[in-house]
Amino acid sequence: MIKRVAAAVVGLGVLGGGGFLAYAWYPSIAPITPPQPSSFSPDKIRRGALVAAAGYCSECHTRQDLGGGPDLAGDYKMETPFGDLFSSNITPDPETGIGTWSEEAFRRAMWKGVDREGTQLYPAFPFDHFTQMTAEDISDLYAFIMTRPAVHLKPRDNTIPFPINIRLIGQGAWKLLYFTPGRYKPNPQKDAEWNRGAYLAEGASHCSSCHTPRDFMGAEKQSAKYDGAVIDGWIAPPLNAHNPTPTAWTEDELFAYLRNGVAPLHGPAGGPMSPVPHTFLSQLPASDVHAIAHYFADLDHAAERQSGDAAAVTTAMQRSGTDLVGPTVDPDAKLYQGACGACHYNSGKGPVLGRPELALNNALWLDEPNNLFMVMLHGLTAEEGQSHVAMPSFYTALDDHDMARIAAYLRRTRTNRPAWKDLEKKAAEARATLKTPPVNASR
Ligand code: HEC
Ligand code: HEC
Ligand code: HEC
């Protein structure tokens, strides 16, 4: 998955006043001889592996285009409005990786976003979240990273032009304006599980980096925390009380989704969300995933909303059932039934796992149709959502006009939300985010 990052995540900074250079300048930390793997205890390395999983390090530090690359060796491409940014090699190779970094240098990078030599790093590296991690977690993570195979690989050069590439000024200014360094502070009003969940979600797992909208400088809008945002053409839905799906995101629904990639009522984790459960959170102890679920169930007020779930499921089943009654004259209903209805059909009391009830799925309820179009265009592979269950891509089988008709039809018949506007144009925009037809495209 190639991430597109907002303009200023590469730091289109404004210059600060006096004292700015003193703020933005960091000394170099002396290089070391790469540590012997045997200097770290197996327990410490194991704990570090879990921290790396919680922080998706290999997602952004492993090349995915050009046929892929070795784990953690960097060169993962992130597209920005100014040019492409390539992630660093963080294997312990002394020349092209971070083999000569002491633990102190590594910790400073995680907490402050500065490399060993003192150069400011772009916040596409989510140090604005990693700054909340404890010294102990970072020490374990260091042990894990330093005991991975060293890979000699120099990432491609960034194509971000002058003067935006002057890191001292752009990054320094961005940080001065937006960055609050500091460890996670437990909330004494909440229980230990909530605080564990918040620590993971806000720190290592940086959920808000996708689920919170960013301002024109690319900083997360703290006033709209977890209000939902667009990432790579998909909408990462609101995770607070603004979540529009008709059933509540309870602790159980959240746990199932974050652990297995599919929630019984809400359906599968697709697109950029898919690796979060499948590749990463599934490695964590179940208690940690429960803690994250506990934290978000509180943020979205599930306890107050949950009582409406049974009625919402009944309504959804009735709405979907209308397709099946009588001879269909509505041409949009016919189109939908021909393309989608064979699989997206639920009878009985509630949805069946592996056959998401569209009337309950975020794709139909969000303010914009992005996720519905993205699912139609990409399909869902057997690795996404529920394991071994797939949906074909309709990239070639449906044109923009027909995708728009299906979207309008589902919104009209399955929800009580206002009709989406300019659907055909938005279908074309969604299609344009795919450079080539997916391999699973039907016909
Ligand atoms: C969302 C993508 C993303 C994630 C997740 C991510 N990184 Fe990075 N990281 C980057 C990018 C991009 C850079 C390069 C930034 C730059 O060039 O200024 C980077 C740079 C770094 C650097 C500086 C390396 C150098 O040579 O300057 C370190 C260290 C690092 N990351 C460690 C980690 C660790 C450890 C994790 C997991 C806990 C992690 N990163 C997760 C995107 C990411
Ligand atoms: C790389 C970006 C990214 C990260 C990181 C991320 N998400 Fe998501 N998330 C998404 C996208 C995109 C979707 C929509 C997926 C879909 O509809 O299939 C999503 C969907 C969800 C949903 C379903 C919401 C709904 O109404 O259907 C939940 C719950 C969720 N994410 C929770 C989390 C949590 C908790 C974390 C951190 C542990 C997290 N996400 C991290 C991008 C992300
Ligand atoms: C061959 C069967 C099949 C057909 C045909 C099909 N789907 Fe699906 N669809 C599925 C399955 C299976 C899933 C769940 C996949 C998973 O859990 O990984 C799914 C999931 C979805 C989701 C939920 C995505 C998410 O990320 O939450 C949406 C929305 C969707 N389909 C819409 C459609 C539309 C619209 C059509 C018609 C254009 C269609 N589907 C046709 C099998 C199908």
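Cβ coordinates come from backbone N, Cα and C, glycine included.
A quick note: this is a predicted structure, and the numbers were derived from the prediction, not measured.
Taken from TrEMBL, the feature domain 'Cytochrome c' covers 43-149 (among others).
Residues annotated as heme c 1 binding site in TrEMBL: Cys57, Cys60, His61. Taken residue by residue with DSSP, His61 (heme c 1 binding site) is part of neither helix nor strand, so it is coil. Non-local contacts of His61 (heme c 1 binding site) by the CB criterion (under 8 A, 6+ apart in sequence, same chain) comprise Asp71, Leu72, Ala73, Gly74, Tyr76, Ser87, Ser88, Asn89, Ile90.
The feature domain 'Cytochrome c' is assigned by TrEMBL to 192-300 (among others). Here the domain 'Cytochrome c' (192-300) returns a mean pLDDT of 96 for the predicted model.
The Cβ of Cys207 (heme c 2 binding site) lies under 8 Å from the Cβ of Ala201, Tyr226, Leu239, Ile292, each of these being in the same chain and 6 or more residues away along the sequence. Taken from TrEMBL, the feature heme c 2 binding site applies to Cys207, Cys210, His211.
Summarising the annotation, TrEMBL assigns domain 'Cytochrome c' to 327-414 (among others).
As annotated by TrEMBL, heme c 3 binding site applies to Cys340, Cys343, His344. Listed in sequence order, the residues of the same chain lying 6 or more apart from Cys340 (heme c 3 binding site) and placing their CB within less than 8 Å of its CB are Leu358, Ile406.
Other Cβ atoms within 10 Å of the Cβ of Cys57 (heme c 1 binding site), summed over all protein chains shown, number 20.
Counting only same-chain residues at least 6 apart in sequence, those with a Cβ under 8 Å from the Cβ of Cys343 (heme c 3 binding site) are Arg355, Met391. Here the CA atom of Cys210 (heme c 2 binding site) lies 15 Å from the CA atom of Cys57 (heme c 1 binding site). Assigned with DSSP, the residues of the domain 'Cytochrome c' (192-300) fall into helix, strand and coil as follows: 54 helix, 12 strand, 43 coil. Proximity of His344 (heme c 3 binding site) to non-local residues of its own chain (separation of 6 or more, Cβ distance below 8 Å) is seen for Ser320, Arg355, Pro356, Glu357, Leu358, given in sequence order.
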